[in-house]
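These notes are about the structure you will find just below.
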Amino acid sequence: MEADDVSVREQLFHNRVRETIICVFLFTCLYMLSYLILTHFRKTAEFITDDIEDATVNKIALWLCTFTLSVAVCAVLLLPISILSNEVLLTFPHSYYMQWLNGSLIHGLWNLVFLFSNLSLVFLMPFAYFFTESEGFAGSKKGVMARVYEAVVLLLLLALLVLGIVWVASALLHDNIARKSLYDLWEYYLPYLYSGISLFGVLLLLLCTPFGLSRMFSVTGSLLVKPRLLEDVEDTLSCTVFEEDSLSRKLNCGSTSCWVKLNMEAMKKEHQTVRSKRIALEMRRKASPWQRNLGYPLAMLMLLALTVMCVLMVCFNVLELLLDEAALPRGMEDPHLGMASFSMFGSLGAAVQVVLILYLMVSSVVGFYSSPLFTGLLPRAQDTNLTQIIANCVSLLILSSALPVFSRTLGITRFDLLGDFGRYNWLGNFYIVFLYNMLFAGLTSASLIKTVTWAVQRELIRAFGLHRLPLTVSRSTVPFRLLLASGLSKIQ
């Protein structure tokens with residue numbers, strides 16, 4: 001019996017060491033990737049300065065931002081890794097090389113992401129902001145440690161303020177629980193605070209994702225070569241080159257007249273617009289017929305199919321919510337990987353779920369940066385200051401940490417939430433989940449219909465040359481027979 005107990009303890013020890021090594025290796029890879037991304041967008045002048053103190057502070061803040069961004073990327077990959085791991089164990093149930101992939105590893109990964117998300121949102125990112133903005137207390141010796149002391153004091157004051165707000169909110173909503181758990185900070189208040197942050201993230205995803213799904217068509221179209229019906233590329237390119245040369249001569253003429261000085265900025269903007277148009281026309285001319293006539297339609301059809309699939313899955317989830325309460329999102333302690341597929345279509349359905357989850361995340365990020373409120377946060381290569389980097393890392397972490405709850409609430413996947421992700425108070429509320437699904441389906445359908453109809457109308461107007469009409473003529477009132485007549489005249 002003692003030998004058996006020792007072997008069991010040794011097996012548990014080896015399993016724990018193996019899971020730790022795997023998690024450290026995964027997080028190290030994500031950390032290096034996040035560091036490369038942030039160094040691509042950071043403003044180099046902030047890190048190469050004569051002031052060694054400022055450079056040191058900025059480097060430490062950048063390391064904290066890198067940690068936060070790596071946690072955000074790991075939160076995005078939680079559901080895909082869990083779903084794919086289950087399918088791999090179903091395909092190779094008795095494989096010796098897949099013994100490291102088990103429910104304990106996945107459950108530990110979820111717990112680590114939850115812990116690091118709390119740590120980054122509540123402590124690290126506020127400290128990074130206060131650290132970069134602090135100068136030390138008045139009368140104290142200047143240096144990095146003086147900034148650390150001031151940042152820590154400000155962080156403690158902020159923590160007390162937030163804790164007071166959370167205690168008041170819990171007292172208003174759950175009076176008895178708040179009175180009994182006044183000193184229960186770790187077990188009650190931090191999860192309660194993160195539940196509120198997650199609810200805010202899920203609501204933000206509700207607003208950004210439908211808008212991002214519609215914006216994905218235009219963003220993808222800007223990266224591909226569009227086919228143009230009834231358009232002479234060579235003629236348009238020669239006119240654009242002539243216009244660009246004319247603007248270049250006006251900018252380089254060196255005139256000192258007042259009119260030229262007042263309109264110099266406008267001419268520069270117009271010159272940049274014409275130049276980008278000329279580059280797009282040259283790309284269209286150099287593109288192969290397959291790329292020009294097949295790549296763009298296939299990409300648009302793929303985006304349309306993914307968006308329609310998301311809406312259909314949400315509508316099916318609404319019907320399930322009305323018929324069975326088991327469709328409500330809930331948490332589970334043991335994932336039981338390798339027992340059954342989380343999709344009724346098997347491995348193919350699981351792969352589709354992973355693609356849809358990643359597609360929704362990309363769409364939410366596109367919608368977030370395309371919204372008027374957050375356009376100013378859009379990072380620029382080698383020209384993003386540290387404050388903007390901190391704000392972007394916090395925003396991406398809020399969106400990504402809410403993605404598992406978002407995907408499970410909409411019924412994109414049947415993989416239940418693990419660890420503390422399933423402890424949110426509002427997950428079991430039928431009315432909140434039902435209303436959330438209905439709002440997402442309605443907003444996405446409206447955005448999709450508007451995007452498709454406006455895109456078709458815009459391409460028809462451009463194809464038939466009606467975009468050259470004066471602004472006083474309403475293009476929406478142009479009769480259809482005029483479109484046909486214009487098209488027939490161009491063909492002839």
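Cβ atoms are placed via backbone N, Cα and C, with glycine included.
Feature annotations, reproduced from TrEMBL:
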- 20-39: transmembrane segment (TRANSMEM)
- 60-85: transmembrane segment (TRANSMEM)
- 105-131: transmembrane segment (TRANSMEM)
- 152-172: transmembrane segment (TRANSMEM)
- 192-213: transmembrane segment (TRANSMEM)
- 294-319: transmembrane segment (TRANSMEM)
- 339-369: transmembrane segment (TRANSMEM)
- 389-406: transmembrane segment (TRANSMEM)
- 426-449: transmembrane segment (TRANSMEM)
Review point. Does the chain bring the transmembrane segment (294-319) near the transmembrane segment (426-449), so that three or more CB pairs sit under 8 Å (pairs 6 or more apart in sequence)?
Key: yes
Review point. Which stretch, 192-213, 339-369, 389-406, tops the Cβ pairs under 8 Å count with the transmembrane segment (152-172)?
Key: 192-213
Check your understanding: For the transmembrane segment (389-406), which partner among 105-131, 339-369, 426-449 gives the most CB pairs under 8 Å?
Key -> 105-131
